[in-house]
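Feature list (source: TrEMBL):
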type    : residues                                       : note
BINDING : D102, I103, D104, D159, K223, Y232, G241, V242 : ATP binding site
BINDING : D102, D104                                     : Mg(2+) 1 binding site
BINDING : D102, D104, D159                               : Mg(2+) 2 binding site
DOMAIN  : 9-209                                          : domain 'Poly(A) polymerase nucleotidyltransferase'
DOMAIN  : 214-361                                        : domain 'Poly(A) polymerase central'
DOMAIN  : 363-596                                        : domain 'Poly(A) polymerase RNA-binding'
REGION  : 1-21                                           : region 'Disordered'
REGION  : 589-632                                        : region 'Disordered'
Amino acid sequence: MSNPEHTLGVTPPISTALPTDAEKRQTEALLKELRAQGTFESQAETDKRWAVLADLQRITDEFVKRAAQEKEPHNAILIRDARGRIFTYGSFRLGVYGPGSDIDTLVVVPKYVTVKQYFDIFPNLLVEMAPPGAITDLTPVPEAFVPIIKFEYSGISIDLIFCSIQSLRQLPDDKDWNLNSNNLLRGLSENEVRSLNGTRVTDEILALVPEEKTFKLALRAIKLWAQRRAIYANIMGYPGGVAWAMLVARVCQLYPKATSAVIVRKFFTIMLNWPWPLPVLLKNIEYNQSITRVAVWNPKIYPSDRNHKMPIITPSYPSMCATHNVGRSSMAVIQQELERGVQISEEIMLGKRPWKDLFEKHTFFTNGFKFYLTVISSGRTKEAQNTWSGFVESRVRVLVQKLELHPSIALARPFNKGYDRVHRCKTDAQVEEIQTGNLTYMVKPTDTAANGNAKNDSKVEIKAEIKTEDGVAPEPAVPVVKEEPNDVVHLGTVPLKPEDNSVKPEANDYDEDKVKLEDIPEKEPELEIYTTNHYIGLQLVEGAKSLDLSREVDDFKAMCTSNDIFKAELMGLTIQHVRNFDLPDDVFEPGETKPVRPVKKKKRMAEGEHANGPMAKRQQMATAPPTIKSEH
């Protein structure tokens, strides 16, 4: 923990006043509310996380030894001293994780271990060394900008990235060894620097706050608020976890002796009035370094850095902007939410409202907009959809940027997450209906998973696989129905069965009354289609009567489908206009009121009213809803 008497940050603190008894009571109330909101996990769950990390450390050491043996099989000393290190970053390392949170994890290895060995050896080693059945959903993603292996270990989601330190022949045998030295970045590519800086930034943030305990409780509150208000997602143009952490850390620097409740209160006031694009800095940026070629954030040199609307700069070298994705609309939404936060937190500190009011859920679907665009990515297999939907999600903010330039659009707000759905149908025509937003064939979550969670799919061990080209199976095979634990029916293929020469029972007088097998109609095979919908709320400029988004939609589709990831036979992409009363039911939670279609007023005047009477005035004020053209 940093010395609270030492000035932290790029400016002196605003106040060093000690907390009052009332402020202490409000902090106790905040802690109580955060516990009630379920943001803390049990000690047993935390112990399980540490046990999983210990297993990963053991597996990492074995991985590096095998890589060393593969590299130099006759070098006994290299193999003997081979070791790797597991580091965490993000919410777990910051100490603000909660139930169900994943663990962002980094594998650090010596220079002789390659990324190819990482993907060739590590996945199999995970399965080999972990307890039987502990590893599920194992998904290596070598083509990602930051190569990653995703999996679940005993139910805990792990995102495992990789970095080979080019300046070290072997890693030090020191449990306290860390990644803080800038020299570790020598010889690393940009993606490797980004991998290493996840941990480096997290450690630096903790080192730059006056009181860790105060910071962590305040950050839990701000994270919960941002998530509930749907402004938490870097990929969709909002600040992510690290950015929110840096904002809270900056407020802690300005009020080094304040309680967590005061930090939350001051957070809203300071950030609402922050003179953007003045960057938020936790320390001065390190320039004039020649350790890596990765550019340091510098708006004086780089035009792209000058375009950042809400720059929040990471403290570790090389400093980068954590909020380069924030656009005009998302920044406007953040400002609106900060204004709300100021009002509510003021009343909370005065004892007029409870903390739970701050964490009320957003109204994006219930009362946010009249008009929405929905971006629908679809896949004929789950594997194809996982790849395709992730790519489309990463590009939604590009569509938002195009929409913001339209003269009739005042605001285009993307929702901060997508909705995954599973559909079953029987014909290609029905597939096309699904791809354009029809939910008639959608499977309810209880039908797709035994535990009621649509995103947790039953696992089926595949004993054999017949390779196909262009999706066509070899001809000498017949379909066979294979049932999974969740009763989802898939068609597999097996070799033709040999002729059955077994003795069959003779027919009797009752056979003619029995239903013959050949008389039973064959069940049509069902197609399973996976979709992910991303919603963008549209606020039109006053007086807009129509809105043609054909160009924006066509450009976005062309950009996505021209990428090598896109496979026309497996994937689809459509964009539809949706009115608020036509939103699907599953975007609303129990207790929420879905918007209803407005009742059209009769045009005839009521009996006895004159042309310039009340009815005529109401008709003059009424405005027909604008026509939006976007269906492609």
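The backbone N, Cα and C atoms fix where each Cβ goes, glycine too.
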Number of Cβ atoms other than its own within 10 Å, given for D102 (ATP binding site): 15
Cβ neighbour count within 10 Å of I103 (ATP binding site): 22
Longest CA-CA distance among D102, I103, D104, D159, K223, Y232, G241, V242, per record bound to ATP, angstrom: 20
All-chain count of other Cβ atoms within 10 Å of Y232 (ATP binding site): 21
Most Cβ neighbours inside 10 Å, all chains, among the binding-site residues D104, D159: D104
Chain-internal residues near V242 (ATP binding site), provided their CB is under 8 angstroms and they sit 6+ positions away: G90, V201, T202, I205, T314, A322
Long-range Cβ environment of G241 (ATP binding site), under 8 Å and at least 6 residues apart: G90, S91, K223, Y232
Neighbour tally for K223 (ATP binding site), based on other Cβ positions within 10 Å of its Cβ: 21
